[in-house]
Amino acid sequence: MDVVVYAPASIGNVSVGFDVLGAAVSPVDGTLLGDRVMVKAGDEPFSLKTAGSFVSKLPTETKENIVYDCWVVFSRELDKKGISVKSLEMTLEKNMPIGSGLGSSACSIVAALDALNRFHGQPLNETELLALMGEMEGKISGGIHYDNVAPCYLGGVQLMLEELGIISQEVPCFDDWYWVMAYPGIKVSTAEAREILPSQYRRQDVIAHGRHLAGFIHACHSGQPELAAKMIKDVIAEPYREKLLPGFADARKYATSAGALATGISGSGPTLFSICKEQDVAERVARWLEQNYVQNEEGFVHVCRLDKQGSIVTGSEL
């Protein structure tokens, strides 16, 4: 049966958890901030169509598209189980800017693999599918990591564990927080953002990082939103990556003065997130970011909430 899966935007790192924390977000106004993938029966083993507002940024060659790679690894896994892959046609609706720090590649990967799995009657379980998603993310960024694909697929705030067969688990967070997401419209490559980081860190930074991350997780589990927000600090990446983001320091300064609880870089940037407790504060911060952080017509600002669902079926037609 034909299926369409939507996969939401995500915040890698959430400042405090470099490479081990991620959060899925969705705009409060119902805008779909994420990619959709449709899978339906086809005449050939595989064919791909593309659509969406950022379709022009995709490779023109089918075999260079990550959705094709998803089909290849999904077929490989089904072959191991003695299951044949159906002839199918996939359509990627690319609604997410590439190199934005919003988990754009994760959106395509999660929507594609989830849709393929559902189209075939879900032969792969959640952990098997998530492992494939991490493998595909690694193909793009150069190393397997789950801090975008896990929240995008499973929803909420996810902590990467990768032990005892557990890839990630959800961290209880605060449903009343507003997450203002501001994408300036420029591109920052994940590879460049990683190269700028030091190969070694000072002991006091390592201690501070451990305190902040442990404190954040503890505050989430014990229901202390003010403490959790105070712990959202990054000594690992943001001090070095700020120089790649024009206007970030000013934006954080304004957001703090306007009443935001915390502001940080989403993933490797250039998108920033700002957490606010009150909607009027979130809207004030959003207006300022639209006027001062967004640099061109491709940029945007959304007031979001945590997306607790992750990837979902939205029907059978795009």
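Note that Cβ sites are derived from N, Cα and C of the backbone, with glycine treated the same way.
Straight from Swiss-Prot, the features:
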| type | residues | note |
| --- | --- | --- |
| BINDING | P97, I98, G99, S100, G101, L102, G103, S104, S105, A106, C107 | ATP binding site |
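Taking the features listed in Swiss-Prot, we show where each one sits on the structure.
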residue : record           : Cβ within 10 Å
P97     : ATP binding site : 21
G99     : ATP binding site : 21
G101    : ATP binding site : 30
G103    : ATP binding site : 32
S105    : ATP binding site : 23
C107    : ATP binding site : 28
Task = Other than P97, I98, G99, S100, G101, L102, G103, S104, S105, A106, C107, which residues of the same chain sit close to ATP? List them in sequence order, counting a residue when its Cβ is within 8 Å of the Cβ centroid of the site.
result = A9, M96, N148, G267
Ask   = What three-state secondary structure does DSSP assign to C107 (ATP binding site)?
value = helix
Ask   = What does DSSP assign G99 (ATP binding site), in three states?
value = coil
